[in-house]
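Quick look at what TrEMBL annotates:
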type	residues	note
COMPBIAS	1-17	compositional bias 'Polar residues'
COMPBIAS	18-28	compositional bias 'Basic residues'
DOMAIN	53-109	domain 'IBH1-like N-terminal'
REGION	1-29	region 'Disordered'
Amino acid sequence: MSSSLLSANPAVNSGRSSTRRRNKKKIQSRAIAENLSSNDQLQNSPIEWKSDAQQQIYSSKLLQALRQVQNGDGSPAPKRVHEAADRALATTAKGRTRWSRAILTNRLKLKFMKKNNIVKRQRKLITAISAGNTRSQRKSKVRILRLKSKSLPAFQRKVRVLSRLVPGCRKQSMPVVLEEATDYIAALEMQVRAMSALAELLSVSGASSSH
């Protein structure tokens, strides 16, 4: 009798449905938060550059980039091979690091600059005309920067030099530079291993085809 009265009461039924909806929303929000945290962990997790699987991924991307180099522009072949190898390394890193994003964005900047060579030449002419007035100011600025760099401690000077060697790390803090440099060096070591293995394969295949 009491259960029939409760089921017939619309206030009780609406209360139960509202609590069910709230519980369902809580469960959904927890699931979304767990998925987001797992995705963040995957994105922020460092790449295992020393693994064979990562080397195979880079080797396949490098071969694709080298095939595109054969149909490239008129720039020298060693320069195009170097750019292709770095671009494949940056794409293998999937933009997780600052140096990989800097390499990829630098490639886009180069394409944009090639399309606007005429405007660039005009600007060079204008700057060449006005260079006579600004040379003394530039020299004084360079001297001030050199004095500032000499006054820094030796460790900070080394970190500054390191920040210039790692792409995308200029004017970054010391922890960022060290973290990026550690990952970049590991990636370069893997690049050397992959390119050495590829060179051996090509030399063996060339020797077998000549016989």
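Cβ coordinates come from backbone N, Cα and C, glycine included.
This prediction places the mean pLDDT of the domain 'IBH1-like N-terminal' (53-109) at 85. Assigned with DSSP, the residues of the compositional bias 'Basic residues' (18-28) fall into helix, strand and coil as follows: 11 helix, 0 strand, 0 coil.
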